[in-house]
């Protein structure tokens with residue numbers, strides 16, 4: 001049973017903590033917060049996690065709020081086999097020095113630059129690259145979504161190049177200080193966006209260019225993907241491959257799943273914790289091969305698709321499972337992923 005510390009108990013961190021707790025080969029030894037808010041309280045009182053603080057000077061604030069703390073982040077990582085770092089992107093470099101000093105392995109999130117660790121991770125496409133290493137980085141939610149489907153398609157279609165338009169949600173549902181609320185914003189207003197180069201960190205040699213924009217919604221991202229392929233394949237072959245791939249769902253707009261709102265409702269119907277949709281939904285009707293070009297549309301639940309990737313990254317770094325598909329299957333079973 002490996003010991004996992006979660007540094008940063010926010011949107012991703014709290015989900016990773018619950019995912020770790022659901023496994024039978026690892027356990028949560030602590031989570032961290034910097035402020036005594038409702039997440040801090042529920043972590044301790046509802047989830048039963050030991051809570052450590054990232055800013056020791058705020059210990060009195062937690063005491064005044066009546067939230068029990070177990071120590072500092074430095075204390076927490078001493079007991080860990082690996083730290084899953086879910087802190088804001090600007091904190092990563094200084095945390096890395098702390099982890100190195102403590103001699104503990106660490107997994108970062110996609111908000112950090114690839115250069116921080118020199119390794120990026122996706123369970124399907126490059127699990128082996130991080131096996132036994134000290135530090136890696138799970139790529140962002142959008143990059144995870146692109147990589148899952150492209151790495152499934154490539155073996156049968158032989159991808160020549162990819163062009164994708166990323167329609168990004170303006171903010172997460174709980175964020176009240178971000179937007180836009182009445183605008184479409186090129187983000188960034190140049191090509192390429194960072195998503196294409198990020199895909200290249202986990203799919204070596206792929207020719208991919210992306211452009212992105214923000215829209216006034218909070219539910220999910222949506223991708224419009226155009227792929228030039230070398231092999232002659234039928235549309236149904238692409239559909240079959242995507243249907244066989246776990247963590248990808250081929251969904252039918254004709255059955256009432258024609259929007260991101262309906263996909264989120266579907267997650268509720270599945271009884272998912274926090275209404276999470278870990279899988280990447282691809283609209284069946286959008287999948288089309290025309291000559292040497294493949295087109296499809298997909299959605300990404302930005303709060304949760306990277307969560308199972310973090311579990312597999314733990315197994316890779318700690319050499320708990322050498323076969324990526326076995327780790328994926330184990331994670332999926334514990335989390336109820338299709």
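Cβ atoms are placed via backbone N, Cα and C, with glycine included.
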When Swiss-Prot is consulted, the range among 170-195, 196-221, 222-247 described as region 'Disordered' turns out to be 170-195
Note: Swiss-Prot has 11, 12, 169, 302 binding NAD(+), and from 71, 103, 111 that site also includes 111
For residue 196 (D-glyceraldehyde 3-phosphate binding site), the closest of the binding-site residues by C-alpha position, picking from 11, 12, 111, 169, 302, is 111
Whole-Å Cα distance, residue 12 (NAD(+) binding site) to residue 195 (D-glyceraldehyde 3-phosphate binding site), is 19
Spatial neighbours of residue 141 (D-glyceraldehyde 3-phosphate binding site) among the binding-site residues 11, 169, 302, using Cα within 10 Å, are 302
Surrounding the recorded D-glyceraldehyde 3-phosphate site, with Cβ no more than 8 Å from the Cβ centroid of 140, 141, 142, 195, 196 and those residues left out, we find 110, 139, 143, 144, 145, 146, 166, 193, 194, 198, 199, 210
One should report the C-alpha separation between residue 142 (D-glyceraldehyde 3-phosphate binding site) and residue 11 (NAD(+) binding site), rounded to whole angstrom, as 15
Within 8 Å of the Cβ centroid of 11, 12, 111, 169, 302, the other same-chain residues by Cβ around the recorded NAD(+) site are 141, 172, 303, 306
